[in-house]
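So that you can see what the record holds, here are the features copied from TrEMBL:
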- 43-62: transmembrane segment (TRANSMEM)
- 74-96: transmembrane segment (TRANSMEM)
- 160-176: transmembrane segment (TRANSMEM)
- 210-233: transmembrane segment (TRANSMEM)
- 245-262: transmembrane segment (TRANSMEM)
- 282-301: transmembrane segment (TRANSMEM)
- 308-326: transmembrane segment (TRANSMEM)
- 346-371: transmembrane segment (TRANSMEM)
- 395-520: domain 'STAS' (DOMAIN)
């Protein structure tokens, strides 16, 4: 396996900053944390970041303990990709002021930042030297990244790009004293390891707002970390436990909150570097932490000469990997609906901000899940020539349907959310005694039997049984007899507890579609009166039909029609 690298990432940093600027008055003026315009506001901001890390850690730990890792499956890739693409645009635009050498108050609405930059540029502000340096550093980073990704023997160049730019930019500023000529640099940074910050956990600030910010950080961190973990698992052929991942992230954030850290999660870029470097265990993280500790203790005075345009180039290079435009082109070719979801998620994040964009993205994911669940596929089945196999006639044009009966299959569980759709579909298409032209069912005779294949119905609830009971009444009133085939033991048990099997008749539940079809053929060969329904059918049949089955199912009673109900 390969170890997942955990640390600060661009998207959670963006969400945290966006939430805390609104929470801490005056913090928006502190563009440089090392030289804050309002020290008191900066201290409150740092404390709130630590507390958000603590709350996020508790949320991760609780989710892992309650085994809620499956929730990540409800967020489609198109939603996640659209949100991260929009976030990449926001982060990239926020770095333009460093490329242009313009002092600008922090703001996370793209259109506001662009408008303010345009106003400043028209006033003659900006420095072409900053822009030239930033463009040069970005070109170096992108070139090294491209070479590392394209040529296997040169893959070591990809992780060395940021280090190369840092060394070159810092050396250039220091050697030529560019700060004296107006090139903006990082400036003084305190040396030493982070302080113990347990004492800053309490009292908590504005708990509701902090909880919202922590929840957003946790949700995005969950998406990114699980995506990273699954990607590494696929590449290295091992399985992951999402609940353990959540618990691990929780402990990492709580531990970080004890040492002046803000929320962390799994990082795509650092994990990719670790994987390419051959990291196989948590010791890789230990060595990395030790190296960072050495830099913080002894090398921080050197980094004060690093130009901000180089730092902006490194950040921009990193977030370009999040700008997943290729996914947009792919979705446009494959599925217009998924492409629309991707576009909506990305545009809402760019135009309305991270929090609103994330809310819309998650809402879209839930709406898609509900829609797919509430409107399941309903297929008309026909028999393949010279077989007893029944398949969807839309998929297999050679499949034959029969006069007087229709075989349907519901490709989902039947429960409260979709039973009304199933009832409405069947009533609309068949309850008038004839078939709609859109269905490939022979209409030379009126429909006398409707067979429901339950092979894909893995579950049915009380509302589903009640809905089928109402459907049975509607079909009987239309002179259509109703049969079920291939229900699971759990489905039949639920129907039996609700009394539906007695209402339908146990002789109308079959193991296979072919059994039900043969039963219907035999009955249709018997003359019947107008308004013939289930009860009339059972009164008319003097002898039971012959039923055969190629299945030997445990729990099915002779002659193999219905599960034993106990």
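Backbone N, Cα and C define each Cβ position, glycine as well.
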Checklist entry - So, do the transmembrane segment (245-262) and the transmembrane segment (43-62) meet, by the test of 3 or more Cβ pairs under 8 Å (sequence gap 6 or more)? => result yes
Checklist outcome for this item: Taking the transmembrane segment (160-176) as reference, the highest number of CB pairs under 8 angstroms among 43-62, 74-96, 210-233, 308-326 goes to 308-326
Next on the checklist: Is it true that the transmembrane segment (210-233) and the transmembrane segment (308-326) have 3 or more CB pairs under 8 Å, sequence gap of 6 or more?
Outcome noted: no
Checklist entry - Which residues, given as numbers and ranges, are at least 6 beyond the ends of the transmembrane segment (308-326) yet have a Cβ under 8 Å from it? => result 10-11, 81, 84-85, 87-89, 91-92, 95, 98-99, 101, 130-131, 133-134, 137-138, 141-142, 145, 161-162, 165-166, 169-170, 183-186, 268-269
Checklist entry - According to DSSP, how is the domain 'STAS' (395-520) divided among helix, strand and coil residues? => result 53 helix, 21 strand, 52 coil
Checklist entry - Looking only at residues six or more beyond either end of the transmembrane segment (282-301), which have a C-beta under 8 A from one in the stretch? => result 3, 5-6, 189-194, 274
